[in-house]
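Student: After the structure tokens below, expect a handful of questions from me.
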């Protein structure tokens with residue numbers, strides 16, 4: 001009865017294995033591979049991409065997808081078929097040769113970026129980055145034709161299915177109506193108050209690591225199915241049954257690593273909560289990067305910077321790091337973590353100034369993709385827009401346009417999902433607390449059970465069975481908007 | 001002019017990438033993967049095997065190999081074609097379904113072996129190990145038919161091309177004419193002498209690690225192309241451009257980890273010394289496991305347990321670990337490292353008793369493969385033969401038939417290569433010293449340059465361009481025999 005569909009499941013399961021293998025090799029490359037392994041690794045990743053591309057380009061796949069549509073599938077099978085079709089449209093749009101070129105160029109560029117960033121050498125990176133950009137534009141054109149979208153929207157659709165820049169423009173414009181003046185107001189008020197007491201370091205790496213591991217356990221991370229390691233740019237990699245998260249340590253700043261770990265743990269919990277019955281099928285995968293980012297920000301920003309959680313974390317930090325007890329007082333920590341200050345580094349930004357970092361990247365990458373700006377002009381344009389949006393100018397490219405791995409690794413169209421994710425996080429957390437009023441009290445005990453239970457049921461286990469907006473609507477009563485985010489900011493920063 | 005040959009090169013390069021990826025994933029599984037990742041990893045490794053098998057089973061491959069034979073290839077291309085043909089005969093003999101079953105069963109059994117060994121639970125492992133054995137026999141039968149050999153020889157041929165059990169029987173019988181009585185004699189004499197002074201621990205893991213890293217550097221290991229990590233069973237994995245060696249630490253015994261590291265470094269140097277012009281082609285790969293083991297044993301046993309090298313290592317160890325200075329005296333260390341004592345664990349055995357461990361495994365695995373013994377009877381047969389060959393009986397299976405990873409991971413026919421490798425190591429080291437008399441003096445300075453230079457030229461860079469015997473004959477003037485090994489043992493232990 002479902003012969004074509006079952007054939008598709010087998011085919012896509014193999015594609016998924018190849019993509020899972022790529023995830024493991026990518027994690028290895030970022031976390032532990034010696035530099036001299038880069039060329040061989042590039043070839044490995046490129047070969048996996050080519051083989052996955054060959055599978056999606058099988059001559060009979062389109063017919064199988066059409067036939068399966070008439071096989072009386074159940075709801076999840078239908079959704080799975082829909083995802084297969086989406087993958088097929090994306091995958092067949094780009095010729096195999098281009099896929100291989102992209103993979104090679106991206107791996108090469110990502111490796112080069114690591115040293116270029118350390119050496120503050122944008123010019124050295126430029127030829128490799130130009131190659132990645134050109135190939136991304138070429139692929140974007142091909143996908144745009146297949147999807148009937150603009151080139152930028154075609155790239156965006158890879159990370160956030162069905163999201164379009166028109167909608168982003170509108171959401172970001174709502175944000176811009178509110179944030180700049182509100183930010184200035186908060187900064188002004190915080191200036192007039194006594195500064196919170198900063199815990200003084202150094203914070204030994206081993207202790208940071210051990211606190212991070214304890215907090216991961218508290219959130220519910222299962223170390224039988226994952227690891228915590230170190231990489232230049234923290235990320236959540238691996239696969240649902242073997243989630244590899246990474247962080248980086250700074251002995252003068254414990255917050256960066258620990259909040260980073262909590263952030264990636266949010267991603268990891270989403271992966272682990274995906275329905276195991278649908279492992280290896282597209283419908284069983286996470287629903288795009290906006291939803292993924294909502295889960296990391298929900299843990300890091302909504303839950304772990306809440307006053308409730310800090311009453312639990314404060315004593316824990318004090319025990320681990322010692323020093324001035326006043327600094328570890330929950331109210332003081334809360335004031336510290338709600339400190340708003342424009343900074344150069346996106347990943348270190350507070351949640352009030354963070355959207356400006358994303359808006360900057362969104363505008364610059366659109367200009368680069370749409371041909372309105374030359375890549376060689378990026379450092380100047382970056383610094384100018386930083387000045388305009390945040391009132392500060394990076395002293396060098398290391399603290400400017402070289403700080404992120406996304407563009408060197410070919411992830412154009414990815415950045416907006418961070419801020420869309422922040423909006424979704426606020427919306428989901430508000431709904432969770434309304435549905436389970438015990439969540440804040442539990443967090444104050446370091447108990448993430450009620451929160452994770454609700455998320456598991458309403459978000460994680462939904463996987464890709466419906467669109468982001470449909471999942472949000474079912475869980476929160478609304479499609480994605482800025483209201484909850486705005487209320488959250490006002491509640492937290494408006495005291 | 002070489003169209004068919006070039007097509008073959010492309011095909012085999014892709015197969016090699018898949019096999020390289022498998023190596024990386026296998027290393028990850030053994031060194032760092034959380035247990036919960038096992039099922040997904042099994043599927044990944046099985047899929048790689050299946051895809052490699054599909055490539056070797058391509059309908060036109062036999063014709064391409066035949067056509068390429070008429071294309072006027074140069075010497076290395078011809079050798080490469082010969083290796084392709086060998087791989088094709090091995091690869092087409094076994095049906096894809098069986099390959100997948102084997103890969104799944106082996107990965108499952110290897111993971112189960114880790115806990116079975118810790119729990120001393122042979123019965124718990126039995127069903128999984130039986131499955132691996134049955135599938136190996138099935139594959140062996142298929143290969144035996146294609147190669148025109150016995151089932152055991154077909155399995156052996158996977159690890160040591162062209163080696164046959166008839167020749168092993170003859171070499172091992174030469175060994176048995178000499179070793180047992182000689183071993184008894186050495187033990188008797190050592191008993192009558194004052195015991196050497198043993199360095200006293202504990203030897204902290206971090207210091208062992210740092211000494212190991214220093215020694216790897218001295219041998220010439222390039223950390224830009226490799227790593228040292230920890231695993232249950234030390235091994236050399238990864239790929240020539242990213243060699244991953246592992247060790248395990250015991251705080252009461254620094255020799256085991258450090259000599260293990262030197263052993264694996266010998267393997268690693270071979271991999272690194274393979275000709276980079278032939279990366280990704282079969283002719284560019286190591287020439288079987290006998291040759292591979294000769295390189296690890298040459299570094300560990302021939303070079304690093306020599307009196308000359310110990311005059312360098314002694315002060316280095318003393319500086320690192322401190323304690324009784326007498327223990328670190330080179331002459332004392334040499335007496336310590338030439339101590340002969342029958343033991344239960346193969347990897348801890350001295351070089352005089354080691355062959356008995358291998359002869360035991362060789363006989364038992366032949367009996368299992370040829371159906372002369374039931375797997376359930378293995379623990380009893382193992383203990384009986386240990387008593388017969390070494391005069392001791394394991395108190396439990398952890399120290400008996402559960403100690404090695406080889407059988408659980410499906411490597412039947414592998415064990416003989418350890419002792420064949422020990423013979424080759426002695427033969428090669430003797431020839432190297434004859435050709436470069438400065439080698440021992442350099443080792444006394446911790447300088448491996450002359451030795452590695454000679455090995456690079458005469459062994460490593462030869463890769464698979466000729467047979468093991470041809471490479472040995474060109475390098476040492478003789479095919480593989482026991483004479484050099486016998487002389488080495490008598491020279492070292494006959495004082």
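Residue 1 is the first one shown; counting continues down the chain.
Yeah, the Cβs are placed from backbone N, Cα and C, and that goes for glycine too.
Just so it is clear, the model here is predicted, and its values are computed rather than measured.
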Student: In TrEMBL, the Zn(2+) site includes B:263, B:267. Which of B:251, B:293 does it also list there?
Tutor: B:293
Student: Sorry to bug you, but what's the C-alpha spacing from residue B:264 (active site, proton donor/acceptor) to residue B:293 (Zn(2+) binding site), rounded to the closest Å?
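Tutor: Pair distance, Cα basis, whole Å: 9 Å.
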Student: Provide the number of Cβ atoms within 10 Å of the Cβ of residue B:264 (active site, proton donor/acceptor), excluding the reference atom itself.
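Tutor: 26, counting other Cβ atoms within 10 Å of residue B:264 (active site, proton donor/acceptor).
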Student: Tell me, how many other CB atoms lie within 10 A of the CB of residue B:263 (Zn(2+) binding site), whichever protein chain they belong to?
Tutor: 25
